[in-house]
Amino acid sequence: MPRLPDAAEIAYMEAHIDDTRVPDIIACTSICGVASIVFIVLRLISRRFSKGGMETSDWLILFAWLNFAVFDVCFAMSVKYGGGRHIILVTDPNDARMLQIINIINENLYCVCMAFLKFSILSMYGSIFPQKRFHYCLWAVAVFMTCWAISCAFVAIFQCTPIAFGWDPSIAGGTCVNYGALVLVAGVCNIITDFVVLAMPIPLVLKLNLSTQRKRMVIFTFAMGGSACLVSIVRLAFALSVGSTADGSWDNMPAGMLSVVELMAGILAVSLPVYRPLYRRLVNKDRGVTQPSSENPYSSGSRSIKITGGGFTKNNNEGIVVTDEVDINLTPYNRKDGNWVRVGDEDESGLYSPHTQRSLNNDLNYAGRAI
């Protein structure tokens, strides 16, 4: 709970009166804010290349990004009211009140943004994997995240009674809960949920009709969401100091900056699986290959081939250029007595009429001269 600093704490602040975290806060919010915009724009471009249109997961992450954008701006604005400096420099009661109000707003925005990031990736899972039992699991996690976000927001608002006691500890009879401990518990629940969400699709991916290499690539793409988990774990180290020290304008800032980085990493992690059409477009453009985009970036069993007749290879030899190697087996059949009968290699001439056979021979002879 917030409290007034004692004599030793005041002496320490006076000895470090020039300490400031303002440049770190501005740099963190600026870099993460720009990066989040880039991640969202790349996601929208990738959706355009996939020609599948906007999906529910895209709208959910857009709402999450809006909450992050407000969170980022509010956190940067906190330096105007003393954020990033020691509390003894926050001499104006209005500045102390605004600083605490911004903290409460940001704590609510953090909860909403984190929940909708989870909703987005759960929605994407649901569009990829149609299994009914898996969808029940998705809904269960979504309900848990909803309860988590509501409870965290409620505690953030009413951590002190009256609420004004949060920025004015001199109010008689005011009380506050141990908010740092609650932040720690909420962070642990969030991390556990992160790992559950990351592990959920792995059994289904292993059952897909994909090569082992592609399965590993898909699992690795989903597992990149662990980057946000790592930031969440680091953030726990500062959880107990949130809202629980006499120097909140200074001590709360590391957790706030890590929250900005965590949400930014979450936006990237949720968007990474959607970048595949964009990645294929860029790679194929470098190779000079044009591949049709699939509405589902993880659809299996499709392969594109580009064959150019009469072109030139790298050795300037005239012939056929194959840009992707695929083994194709053609089995000839012929219709005899109303039934389709497989024709052996030695009897393939029976597939065609005499006129068609002569035309085919002429075409093959011409192609043989061209190669």
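The backbone N, Cα and C atoms fix where each Cβ goes, glycine too.
Fair warning: this is a prediction, and the values are worked out from it, not measured in the lab.
Per TrEMBL, the feature transmembrane segment maps to 22-45 (among others).
Here TrEMBL flags 42-281 as domain 'Rhodopsin'. Per-residue confidence over the domain 'Rhodopsin' (42-281) averages 87 (mean pLDDT, predicted model).
Taken from TrEMBL, the feature transmembrane segment covers 57-78 (among others). Note on the transmembrane segment (57-78): residues 25-26, 29-30, 32-33, 36, 40, 43-44, 47, 84, 99, 102-103, 105-106, 109-110, 112-113, 116-117, 119-121, 123-124, 127, 256-257, 259-260, 263-264, 266-267, 270-271, 274 of its chain, located 6 or more positions outside it, place their CB under 8 angstroms from a CB of the stretch.
Among the features that TrEMBL reports, transmembrane segment is placed at 98-117 (among others). Counting same-chain residues at least six beyond the ends of the transmembrane segment (98-117), those with a Cβ under 8 angstroms from any Cβ of the stretch are 60-61, 63-65, 67-68, 70-71, 74-75, 77-78, 81-83, 90, 145-146, 148-149, 152-153, 156-157, 166-167, 190, 243, 248-249, 252, 256, 259, 263, 266-267, 270.
Distant neighbours of the transmembrane segment (138-159): 1, 104, 107-108, 111-112, 114-115, 118-119, 122, 125-126, 166, 176-177, 179, 182, 186, 189-190, 193, 196-197, 200, 243; these residues of the same chain sit at least 6 beyond its ends, with a Cβ under 8 Å from one of its Cβ atoms. The transmembrane segment annotation in TrEMBL covers 138-159 (among others).
Long-range contacts of the transmembrane segment (179-206) within the same chain: residues 1, 114, 118, 121-122, 125, 128-129, 131, 134, 137-138, 141, 144-145, 148, 151-152, 155-156, 159, 215, 218-219, 222-223, 225-226, 228-229, 232-233, 235-236, 239-244, 255, each at least 6 residues beyond the stretch ends and with a Cβ under 8 Å from a Cβ of the stretch. Among the features that TrEMBL reports, transmembrane segment is placed at 179-206 (among others).
The transmembrane segment annotation in TrEMBL covers 218-243 (among others).
Below 8 angstroms of C-beta separation, residues 24-25, 28-29, 32, 35-36, 39-40, 42-43, 46-47, 57-58, 61, 64-65, 68, 71-72, 75, 78, 83, 106, 110, 113-114, 117, 120-121, 124, 183, 221-222, 224-228, 231-232, 234-235, 238-239, 241-242, 297-298 of the same chain, each at least six residues beyond the ends of the transmembrane segment (255-275), sit close to that stretch. Feature annotation from TrEMBL assigns transmembrane segment to 255-275 (among others).
Counting only same-chain residues 6+ beyond the ends of the transmembrane segment (22-45), those with a CB under 8 A from a CB of the stretch are 58, 61-62, 65, 68-69, 72-73, 75-76, 78-79, 83-85, 253, 256-257, 260-261, 263-264, 267-268, 271, 274-275, 278.
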